[in-house]
Amino acid sequence: MAALQEKKSCSQRMEEFQRYCWNPDTGQMLGRTLSRWVWISLYYVAFYVVMSGIFALCIYVLMRTIDPYTPDYQDQLKSPGVTLRPDVYGEKGLDISYNVSDSTTWAGLAHTLHRFLAGYSPAAQEGSINCTSEKYFFQESFLAPNHTKFSCKFTADMLQNCSGRPDPTFGFAEGKPCFIIKMNRIVKFLPGNSTAPRVDCAFLDQPRDGPPLQVEYFPANGTYSLHYFPYYGKKAQPHYSNPLVAAKLLNVPRNRDVVIVCKILAEHVSFDNPHDPYEGKVEFKLKIQK
């Protein structure tokens, strides 16, 4: 018992550790001979090669089952969201206020529209084609260059008086501002059976002492042509541009906060979702001072 309980000195422990690292009598290093180290290394190399191969095969099979032309993440909403340009947000949503006689208050709004419509210049639309059918543009095959599908052109000049060319101020200087309404994209979404979706803007609460909101729409009737639908995704249609509708508000009361709602009227577009205020419509507060 005394021998078992005898404590080893530091030099003895160092000597044992050195013999464990390299034992000249047996030719072992760290408890194994060189040949055993070679065999165990080959075993682990083969093991991890096989495991990596199985993992790569699983990833390959998984990727083969995924359609590259279908987005990985899609919203559960059946109707597209609607956005507004210019978009100035306040504490409770879109809030736009400016003074007709002070250009510094609306110059930024006009600049926002110019910058947004730069993507709708003829040069930016060179990869798209002219469409005039006014019917759904179904494409089963990839006939466009680079195994893609064709996209229909939409240029800023289609917005006519709200394109920024005849009036670079977009009507802000005269108190008849232009606002651009855009529907978000949904892959393979069809807004209706045969009728083009239409934008309708009105006061949310009609002022008692004034007429209904008068709006001039561009393109005519405020419609999104059907040949821009369906959308097949960014990979299939890399040159696709959302169609736009511009609403020129003609009789907004001065020096008063008004709330305007622009709805998309179409058979397959709903705008009464209490949980999403931008589904199928967009609301914004507007105040024009003079």
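Just so it is clear, glycine is given a Cβ too, placed from its N, Cα and C backbone atoms.
The recorded disulfide partner of Cys201, taken from Swiss-Prot and restricted to Cys58, Cys131, Cys262, is Cys262. In Swiss-Prot, Cys162 is paired through a disulphide bond with Cys178, chosen from Cys131, Cys178. Within the set Cys58, Cys131, Swiss-Prot assigns Cys131 as the partner of Cys152, by disulphide bond. Cβ neighbours within 10 Å of Cys178 (disulfide bond), excluding its own Cβ and spanning all shown chains: 25. Most buried of the disulfide-bonded residues Cys131, Cys262, judged by other Cβ atoms within 10 Å, is Cys262.
If you measure from the Cα atom of Asn193 (N-linked glycosylation site) to that of Asn221 (N-linked glycosylation site), you get 18 Å.
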